[in-house]
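These notes are about the structure you will find just below.
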């Protein structure tokens, strides 16, 4: 007989999904799936809109990473129109991008994942949230809030809004940065550097305390995909590198050509697709993106403190790559450090306050793509427009979709590790969620996915009968 267990509070991710776990006759988990039940269809209702509207419309896909969609959309449009923006405009775009990395990575680590590292997976669920962090480590929580605020403040100054920015337009930026805005941002970045160093030290200390859990949550040995520029970490531009787990470059290609190399596989039980590299087919061509993938692909980071930390990170490699899923958190902290350092580099450029931030563009049609590294991984936009600039077709592949195969493999590993003999402990749900949260998924983005999310885990017998259902309601 099936049974239903309600577990609260709500999990710390965004979207609607469930985990289905199949048991063998001995009650051991043998096959598990992460299923996204949410459908939005953003690509379809872009059709019929004008090219110039895309940076504003697509930023509404996500309230956490709107800068990424804003910038990727405008890069795709400029690829359609064959427009080169002034270098000063690119400086501003990069600064806004780094500011989003600051508030986004801080949000995920402190608000969504810190409870996994600070408290026992079997502890009281009412403590496993950011309010629990505030009660247990109030000074740390206060600094986390401030760090995120700094990132949001800079996005607001450069983008016109802290959420859903408006200033990146085809041909450049609609407004320059004032001297006062530069001064205020520079002061805050200096403050942010000390906060990030504290965050990184906290992350490493918590990792030392969770050595066994790092191993039990498993590792995923897949290809890695990300932007690279001259062998270094690159988040705004560069060439896409697909690298296997042994560090061998499988393919290098321009982001604008991604449709020639990347395809998507669909299943009937989830709205989120499974991208893969065409030449390797689906079985061998799936890959990971995001902080762990980006740091596994590159050999260096072009800021001193983050580069030093990257070398420490590489010491955890199993062979060539750092494959353990939990190390996404460590990689995310290194990128956070890089974002702060790079933002400081950008603000030190006198050209950051230049008024020459825009070139004129003419209405036209055609096809074009834009690619950027969002906080969660590689983000791709492709538009096809008629001669008036009206969108005929849109294709958007977001980081969580790229990671779909890897997330499913991590869920499978966690279930096989913790579900044995048909026994389902109270802490199971949180352990499976911990594996999912490593990827920082955004289900709203991926269903054109987990903060505030109803999650259901269905346990099924070998013959498919529902044995148990564990649920957290949103």
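In case you wondered, yes, glycine gets a Cβ from its N, Cα and C as well.
Residues annotated as Mg(2+) binding site in TrEMBL: 43, 62, 396, 448. The Cβ neighbour count for residue 43 (Mg(2+) binding site), using a 10 Å radius and every protein chain shown, is 19.
Per TrEMBL, Fe cation binding site is recorded for 65, 445. Summarising the environment of residue 65 (Fe cation binding site), the number of other Cβ atoms within 10 Å of its Cβ, over all protein chains shown, is 24.
Positions annotated as Ni(2+) binding site by TrEMBL: 65, 442. DSSP assigns residue 65 (Fe cation binding site) to coil in the three-state reduction, placing it in neither a helix nor a strand.
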10 Å Cβ neighbour count around residue 396 (Mg(2+) binding site)? 23
Using C-alpha positions only, work out which of the binding-site residues 43, 396, 442 is nearest to residue 65 (Fe cation binding site). 442
List the Cα distance (Å, whole number) between residue 442 (Ni(2+) binding site) and residue 62 (Mg(2+) binding site). 8
